[in-house]
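Undergrad: The structure under discussion is supplied below as structure tokens; questions concerning it will follow.
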Amino acid sequence: MNAPRLTDTTLRDGSHAMRHMFTRQHVRDIVTALDRAGVPVIEVTHGDGLAGSSLQYGFSFVSDLDLIAEARESAERARIAALLLPGIGTRRELKAAVERGVQVLRIATQCTEADISEEHFKMAKDMGLETVGFLMMSHMRSPEFLAEQALLMESYGADCVYVVDSAGAMLPRDAAARVRALKDTLRVQVGFHAHNNLGLGIGNTLAALEAGADQIDGCLRGLGAGAGNAATELLAAVLDRLGVNPGLDVLALMDAAEYVVAPIMPFQPFPDRDAITIGYAGVYSTFLLHAKRVGEQLGVDPRAILIELGRRQTVAGQEDWILDVALELVRKRERA
């Protein structure tokens, strides 16, 4: 196991948990703490990436561009990263983000749709950025299939491709198998992004590292979507115990989590019933509220809806299946 590069995504994935209400002061405080603790890359955007601030995804209290500028000014050593989802972020937003200090672009697609990212990788490379591919909902497809999708991203110019456990659905063996498949196929680096819906954020990250992952993600205090992410301070402590600390100040990260992030958190992400259901079913977290609403209307347990959606391997954008599945469950109940 080699010492990995850590990207802290408190100010991006954590935006979901904060309902996109980060302030300039929050960014200054968090970036300063992470930078002093030796974190090399800090991701800053709306939870759904550049241009994510919208009626559909939730409006940001402060614009991405202003937060990115604050981050760049606050960081003495760390590089500033941004997330971009094809179909949401465009060249205009990316160009503006680069002008304000973005140096690393992470381009995220569903794990079945790497082909839609070609233009975005080339655009980022033309702007001189380091590029990272994000294969979201990676648990949905086999290691071999993921490797093929990752190969596309590599061919478009990705410097690293991540296995992304968006739903927190993987077991350690799943994380290891997918990372290993990418390592066996790609020439570029491989990363792993964990969520904690089944309580396995740290365990899955360790399994990914043992399988050869070069880059990993964390959030201070685990602040992120669903049940949260692998906690940056925990990752630092574990890496140090394993003898592969990449230069992180463990105590400083513990203090950052406790004194900088914890006081501003609206709640502590935790594997509660809803979060466990998402991880157990293996569906995207945006399905939850829709399933609850439809379930209440039709008298169907929303967990049954989500589990069936997971069995059918639905991905983001297929929310219309929720009603169909609920109606099928009603018909089955009536026939019983």
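The backbone N, Cα and C atoms fix where each Cβ goes, glycine too.
Just so it is clear, the model here is predicted, and its values are computed rather than measured.
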Undergrad: Need a hand: Swiss-Prot gives H193, H195 for Mn(2+), which of D13, D29 is also on that list?
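TA: For Mn(2+), Swiss-Prot names H193, H195; of D13, D29, the listed one is D13.
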Undergrad: So among the recorded positions R12, H16, H195, who's got the most Cβ atoms within 10 Å?
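TA: Per the Cβ count, the most surrounded site is H195.
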Undergrad: Express the distance between the Cα positions of Y284 (substrate binding site) and H195 (Mn(2+) binding site) as a whole number of Å.
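TA: About 12 Å separates the two Cα atoms.
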Undergrad: Across the domain 'Pyruvate carboxyltransferase' (4-254), what is the average pLDDT of the model, as a whole number?
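TA: Result for the domain 'Pyruvate carboxyltransferase' (4-254): average pLDDT 96.
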Undergrad: Should any of the recorded positions R12, H16, S166 have a Cα within 10 Å of the Cα of H195 (Mn(2+) binding site), which are they?
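TA: Taking R12, H16, S166 one by one, the ones whose Cα falls within 10 Å of H195 (Mn(2+) binding site) are S166.
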